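See structure below.
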Amino acid sequence: MRRALALEASPALKAPLRFFLAAPAFVFAAALLLAWAGPQALASRWSPYALAITHLLTLGALTGTMVGALIQILPVVVGIQIARPICTAAAVHALLTSGALTLAGAFVSGRRMLFALGALLLASAFAWLLTACAIGLWRGRRTAATGVADLLRAVDLALIALLVTASLGVYLALTLAWPHATPIVTLTNWHAIWGLAGWFGLLVVGIGYQLIPMFQVTEPYPSHLARWLAPGCFALLAGSALAAFVISLSAVPGSTSDTIAELLPSLVFVPYVVFATVTLWLLHRRKRPSPDATTLFWRTSMASLACCPLALAAATVTQEPRWFVAFGILALVGVGWSAVNGMLYKIVPFLLWYHLQAELAQPLSIVPKVKDIIPDRAAMHQYYAHLAALALLAAASQWPGPLARVAAFSLGVASVWLIVLLARALRLYARVRREIARVSVQRHERERNKPTPRDERVPEPVTERQ
């Protein structure tokens with residue numbers, strides 16, 4: 001893990017910030033849709049409302065935040081700049097946001113052309129992102145900073161997993177636009193596994209190597225774990241997908257081989273239990289005795305991650321829809337959104353503080369400390385709202401009738417709370433920027449009006465009279 005950061009290589013604030021600010025808005029949209037649909041959204045993972053909510057969370061909240069983190073972390077930590085970061089950020093954000101909303105609308109309405117349009121927008125977003133990242137990684141790999149091989153390896157594998165996930169997703173969306181014979185259930189299962197255990201999981205592992213020791217003041221991850229975990233997870237994921245494909249060619253439905261193929265996705269998450277256990281141990285032994293809000297978010301995320309293989313195995317064995325829904329809630333809200341929500345409380349204040357410092361000609365006390373931009377007490381309150389929402393969602397997966405809308409309300413409250421805290425941080429940032437500009441103008445006026453010393457007169461030469 002590299003502790004030194006090249007902050008001067010940070011992209012413009014607007015490049016990553018647009019993704020971070022959009023994330024809780026997508027969670028709020030998912031909560032609104034759950035409140036509108038009610039119990040039928042949690043009756044089955046194949047419910048149109050469940051699919052719409054899933055893609056609002058995965059595309060808008062989780063993938064969006066991960067893209068913003070890539071744009072920020074690659075140059076600062078790794079020393080690699082993606083191609084045209086400001087243009088790429090604007091284009092990918094616009095395409096990803098519109099594509100996620102279009103796809104969610106397609107699931108709810110069932111209109112085929114919306115599936116086609118959503119596939120086009122999302123394919124464009126991921127093609128642009130992957131191309132920009134590939135160019136940046138190709139150009140900058142030789143000049144990358146030292147001590148970042150583990151993070152860089154995880155990023156490489158996560159981007160490959162994103163390519164697989166996006167390809168499967170676009171194909172499935174086009175299948176819904178123009179139906180034809182295809183193993184849609186099997187492809188959907190592996191689309192989800194490649195997205196969760198591949199793209200998102202590997203990127204969280206790689207980013208966690210840097211962010212958890214830096215922001216949580218823990219010891220670095222064990223070197224052997226950091227070196228081999230991401231490649232091991234990717235190899236297991238690819239091997240399981242290949243094995244499942246081979247088995248599906250000859251297996252008889254209901255046979256032992258077919259059961260093994262169905263259980264393979266559960267095995268993919270087992271290495272992540274190791275990561276979760278080590279992370280919880282590092283957080284337990286952190287140098288700061290009292291946990292902050294981000295610590296609690298990470299603990300919740302890792303505890304949920306440890307439960308994911310059990311929930312998926314229970315769903316596969318019993319084939320009960322409620323357990324598939326429970327797994328989805330654990331993976332998306334418990335693991336994914338908990339980690340992202342916690343990271344936002346560290347990344348956003350730090351970025352705002354750094355860009356304020358960069359505007360100063362000389363140190364001024366008007367720039368707040370990082371911890372004062374979003375006070376931890378307010379973040380702790382929002383964490384408990386998030387925890388209540390997660391608990392209610394998990395319970396609603398088993399009893400959707402009485403709890404679905406209650407869980408939706410709780411998730412909506414937690415997401416709006418986060419939006420309010422981020423908005424306050426931005427308002428503070430804008431106010432301090434105005435104050436810095438005012439002080440700079442006053443200093444410039446004083447310098448311009450400062451009296452200059454009189455020039456010394458040179459005595460005229462005395463000439464001798466002839």
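Cβ from N, Cα, C; glycine included.
For reference, TrEMBL has these:
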type: TRANSMEM; residues: 53-74; note: transmembrane segment
type: TRANSMEM; residues: 86-108; note: transmembrane segment
type: TRANSMEM; residues: 114-137; note: transmembrane segment
type: TRANSMEM; residues: 157-178; note: transmembrane segment
type: TRANSMEM; residues: 190-212; note: transmembrane segment
type: TRANSMEM; residues: 233-252; note: transmembrane segment
type: TRANSMEM; residues: 264-284; note: transmembrane segment
type: TRANSMEM; residues: 296-317; note: transmembrane segment
type: TRANSMEM; residues: 323-345; note: transmembrane segment
type: TRANSMEM; residues: 383-400; note: transmembrane segment
type: TRANSMEM; residues: 406-426; note: transmembrane segment
type: REGION; residues: 441-466; note: region 'Disordered'
Long-range environment of the transmembrane segment (114-137) - Cβ separation under 8 angstroms, sequence gap at least 6: 59, 67, 70, 74, 80-85, 88, 91-92, 95-96, 98-100, 102-103, 105-106, 152, 155-156, 159, 162-163, 166, 169-170, 173-174, 176-178
Considering the transmembrane segment (296-317), which listed stretch of 53-74, 190-212, 264-284 counts the most C-beta pairs under 8 Å: 264-284
Same-chain residues near the transmembrane segment (383-400), Cβ under 8 Å, at least 6 residues beyond its ends: 39-43, 293, 296-297, 300, 304, 322-323, 325-326, 329-330, 333-334, 337-338, 341, 406-407, 410-411, 413-414, 417
Stretch contact, the transmembrane segment (323-345) with the transmembrane segment (233-252), Cβ-Cβ under 8 Å, 3+ pairs: no
Contact check, the transmembrane segment (190-212) vs the transmembrane segment (406-426), 3+ Cβ pairs under 8 Å, seq sep 6+: no
Stretch among 53-74, 233-252, 406-426 sharing the most Cβ pairs under 8 Å with the transmembrane segment (264-284): 233-252
